[in-house]
Amino acid sequence: MVMRSHRSADVAGRRVLLRADLNVPLAGTQVADDSRIRAALPTVRSLLERGARVVLVTHLGRPRGMPVEGLRVAPVADRLGSLLGRPVPVAPGVVGADVEAIAARLASGSVLLLENVRFEPGEERNDSILSRRLAALADVFVNDAFGAAHRAHASTVGVAEILPAYAGDLMLAEVRALGGLLSRPAAPFVAVLGGAKVSDKLGVIDTLLDRVDALLFGGGMANTFLAAEGDEIGRSLAEPDLADRARELLGRAADRGVSLLVPDDVVVAPSPDGPALTVGRDAIPADCSAFDIGPRTARTYSAVIATAKTVFWNGPLGMAEREAFARGTRAIAEAVAACAGTTVIGGGDSVAAVRASGLTDRIDHVSTGGGASLEFLEGRVLPGVAAIPDASPADSGPA
Ligand code: ADP
Ligand code: MG
């Protein structure tokens, strides 16, 4: 089913509580990367153009239920204001009489940003009193915060149970793109999984094994598979207690005719700062760690990606934040960008790597979700998604 869209709601003159994920990285009082603010713009702009009085709410960082000076939303309001071309005032708090008075006076077509919702101890507990106080600020609730949809918090779930709730454009786009990978991926479907640990990705590997034609592994997680197959991996990052799980996954992949590929060559070094050397997977020196896939592996993976009709990629293929170990990730980013099929990337570090390569425009869907994207692909029902009613047939006009 499809969540009902905010575009099917009559919002003119009404107060709309809009939950967005504007949890951007800060450098002091500056927004270091405004991607998430930009991703929220279509819904914000649409609501404003339709005459809504928008009360916007987000979390920022992990203040753990109390005000933290460095995590105030003022820098977010400044950047949003310059993107919208109009000032975005910040409320003196999250909820309460003062904030209610300001929200009540808000003019049609204008926006107010609440203070960091995680300053409230009730937020992460999905406290019903906080939910009611949030609901008191508006007539309608729109959730566009896909990145927070895997958490049942007051501002994602509690308030959706009180006010009429709708999904924002980003929420709908994320669920459409990621849902498409689960329900109707065009074959061949190739998934590339990297990143630090297998344990983070076991759930996704499980659901993907039933759907993909090929799984390509890289990054730290691939080391666990190399070790499980009997290679000496030196001091590489790995999870030896998952060796049995890794062998079981290799077996299941073989049973299903899924080609599960692990690196055939790797870039090793004694430490991330040490001199790098490319070696075969069976020649990792005892005093070295594998920090990237090697060029032969990158070529093999790129050739598989080139044939795909659907690609999902999560997790860098190596320690991509270091130039010496970024080549594998860059090669895969280029292969995914060049692929003619439907391409979806998720995961904080992989998305950052693709962005650094300037290739995001050539990817069909770059998920802003991180943890939420992975949980969605594990086949779990995300509480923030479940809290929004389905669209009725009458709503399903052109978006
Ligand atoms: P994402 O955020 O895209 O989901 P992860 O958070 O799972 O990705 O993984 C990213 C991290 O994995 C980075 O910090 C990177 O340095 C680390 N990493 C990747 N490959 C290796 C490796 N071979 N050895 C050690 N760390 C690695
Ligand atoms: Mg990460």
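Even glycines carry a Cβ here, placed using N, Cα and C.
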TrEMBL substrate site partner of Asp21, Leu22, Asn23, Arg36, His59, Leu60, Gly61, Arg62, Arg151, selected from Arg105, Arg118, Arg211 = Arg118
Per residue, counting other C-beta atoms within 10 angstroms of the C-beta, which of the binding-site residues Arg36, Arg118 reaches the highest number?
-> Arg118
Select the most exposed residue of His59, Arg151, Lys201, where exposure means the fewest other Cβ atoms within 10 Å, treating these as the binding-site residues.
-> Arg151
Out of Asp21, Glu321, Asp349, which of the binding-site residues has the smallest number of neighbouring Cβ atoms within 10 Å?
-> Glu321
Among Arg36, Arg118, Arg151, which the record lists as binding (2R)-3-phosphoglycerate, how far apart in Å are the two most distant Cα atoms?
-> 18
Proximal residue to Gly348 (ATP binding site) among binding-site residues Gly61, Arg118, Arg151 (C-alpha distance) | Gly61
Which residues, same chain and not among Arg36, Arg118, Arg151, have a CB within 8 angstroms of the centroid of the CB atoms at the recorded (2R)-3-phosphoglycerate site?
-> Asp21, Asn23, Thr58, His59, Leu60, Val117, Ala145, Gly147, Ala148, His153
What are the other residues, in sequence order, whose C-beta lies within 8 angstroms of the center of the C-beta atoms of Asp21, Leu22, Asn23, Arg36, His59, Leu60, Gly61, Arg62, Arg118, Arg151 at the substrate site?
-> Thr58, Asn116, Val117, Gly147, Ala148
